[in-house]
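Annotated domain 'Kazal-like' per TrEMBL: 432-487, in sequence order. TrEMBL lists 21-40, 60-80, 87-105, 195-222, 242-266, 316-338, 353-375, 387-408, 511-535, 547-568, 599-622 with the feature transmembrane segment.
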Amino acid sequence: MAEIEKRIETHRVRCLSKMKIFLLAITCAFVSKTLSGSYMNSMITHIERQFNIPTSLVGFINGSFEIGNLLLIIFVSYFGTKLHRPILIGVGCVVMGLGCFLQSLPHFLMDRYEYESTVSVSGNLSSNSFLCVENGTQIFRPTEDPSECVKEVKSLMWMYVLVGNIIRGIGETPIMPLGISYIEDFAKSENSPLYIGFVETGAIIGPLIGLLLASFCAHVYVDTGSVNTDDLTITPTDTRWVGAWWFGFLICAGVNVLTAIPFFFLPKTLPKEGLKHDADIIKNDKEKQSKEVKKEKDGITKDFLPSMKSLLCNPIYMLFILISIIQFNAFVNMFTFMPKYLEQQYGKSASDAIFLIGIYNLPPICIGYIAGGLIMKKFKITVKQAAHIGCWLSLTEYLLYFLCFLMICDNSSVAGITITYKGMQQDSYVENTILADCNRDCNCPTKTWDPVCGDNGVSYMSACLAGCETSVGAGINMVFQNCSCIQTSGNSSAVLGLCDKGHDCSMMLQYFLISSAIGSFIYSLSAIPGYMVLLRCIKPEEKSLGVGLHTFCIRVFAGIPAPIYFGALVDSTCLHWGILKCGESGACRIYDSTNFRYIYLGLPAALRGTSYIPAFLILIILKKRLLPGENASSGTVLIEAKVTGKENECKDMHKNSKILNDDELKTKL
């Protein structure tokens, strides 16, 4: 007897260890997949500048991840539960690594990055050839060589990034639905929210690492090592700057492949955590194992359509999907374009913007996920209580969100674009306002973006358009003097780059980041209770398919279209487009920050507001009915009934009961 008890205890410890190993492995997988995703989101601005493509196209490239994901998500979610889930997850991680490697390839296949400039460090040009020279001839005109023009405009190197992102999406497909369903199937009911909270925490640690990596890479010049960075006339704050975006993708590829290794050594199934009759269950499992495998294979396709019908006829589940689609449309837009918003609204560099997002937003989200899981476990929150917690916390955060509309900065003062040369505000940009009396005779290029900051606090599109006649110094330290358009009492001079937005704008940025951090914590606190409503409103055998269908709908109706239409709206606020050698438009150089703000903050606010209508409908429905999750939700009573031979009696009582919980079922049995 003692030997049997010892063997049972050893088996229990071994099973618990395997569950903990899987929990650690799936958390690392979530870290690696979100690391890659957050790095991609953070680098879209640099990819936009590298390939000189509009924001709408780079939004499509970013959304292509969802295209790869939705190709397989439904079938992987359903059929994956019948196969070896850990191995499928491991294969997915390897495929993600392949996709990341493919995304970095254009850097090694393309020529060096060239940015538009009127300033040259070439010794073949006179030092004043880019300044105001009356009746002179300016350099850097559009090329007359048609072949060179076609080669630049028709470059499709960005297709590598597109295809790599699709492959990365395919690889990510099995991780979430199979990982969550594996935990739900083999973990205690009361432990499941905590475990999922840890996994979701990994989904926050990954973006934090990804943002820090992106911040570092954004600060390093794209062609560092092959060009002399001392000769550069731009800094990371310049909208023409491109960071080493390719380097981070190589790191992401290696991390994804490494995280795949543990999954190939984990078993297909585990005994349920915390069962009391381990020996009997193990014996029964061994006897029925071959029959169950055959039964599973025969029923792979037989139950698919009935399961789909059951999910589609579940009102709570369908309303939850509707809420998720609307909310994700808002959040995808906000997080995808947040670095660009901080650049344009508050004048930060891409590197600084990415770093600030990681520091201010992700730690509160991580804490919120863990706290939400602990609350669910500690107080044994029911499905109805979880729905109320998720709804009201989310609504509280939504109301606080409107404070962001007060934390604003004015447009950058750029003569001829946002203000006149006399310092008056300009309602709309008109090309013929680029020239004024002070620079009309300078024969300046009117489309080239090479901004300088005058000592009067006004920026100009170029030193020539500022009327500057002489220069001293070289590279980024160049100073332009005798600038006729800069009206000051002393020597009229200018330096390279846009003018800073000032101390008041920096304070507004701090308020915005603090408000964003508070909102992120409150919303993430509601995430785990909300997610448990999704898991507990569907039958246990439909959980994997339910999670997969939920993810599929989010990909199709939010993940793919949101960056595209939002990118097109952002493009509509562009005030000046960069130009290529052939004179075609490239990436946007400066936006109307006021209209950008209305789109960036206003559209998500409108979307999220409508999502609370189905949320309140769910609360009303829950008030009138009882979910499966509230009736013997852990499944422990049913499993124990198998051992005592009262399985059918337990099932009937569970099916017909409207009020019985686990303890009451045990008593009647």
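Heads up, residue numbers simply count up from 1 along the chain you see.
Each residue, glycine too, has its Cβ placed from N, Cα and C.
The transmembrane segment (87-105) makes contact with the transmembrane segment (242-266), as judged by at least three Cβ pairs under 8 Å among residues 6 or more apart in sequence. Beyond its flanks by at least six residues, the transmembrane segment (547-568) meets 54-60, 62-67, 69-70, 73-74, 76-78, 176-177, 180-181, 308, 311, 317, 320-321, 324-325, 328-329, 332-333, 336-337, 534-535, 599, 603 of its own chain at Cβ-Cβ distances under 8 Å. Counting same-chain residues at least six beyond the ends of the transmembrane segment (195-222), those with a Cβ under 8 angstroms from any Cβ of the stretch are 23, 26-39, 42-43, 46, 50, 107, 113, 179-180, 183, 187, 229, 232, 236, 241-248, 251-252, 349-352, 354-355, 357-358, 362-363, 365-366, 369-370, 372-374, 376, 524, 527-528, 531-532. Secondary structure by DSSP for the domain 'Kazal-like' (432-487): 8 helix, 11 strand, 37 coil. This prediction places the mean pLDDT of the domain 'Kazal-like' (432-487) at 85.
Same-chain residues lying 6+ beyond the ends of the transmembrane segment (599-622) with a Cβ under 8 Å from its Cβ atoms: 315-316, 319-320, 322-323, 326-327, 329-331, 333-334, 337, 341, 383-384, 387-388, 391, 394-395, 398, 401-402, 404-405, 533, 566, 569-570, 573. For the transmembrane segment (511-535), the partner stretch with the highest count of Cβ pairs under 8 angstroms, out of 316-338, 353-375, 387-408, is 353-375. Sequence-distant contacts of the transmembrane segment (353-375), counting only residues of its own chain at least 6 positions beyond either end whose CB sits under 8 Å from a CB of the stretch, comprise 42, 193-198, 200-201, 203-205, 207-208, 211-212, 214-215, 218, 338-340, 342-343, 381, 389, 509, 513-514, 516-518, 520-529.
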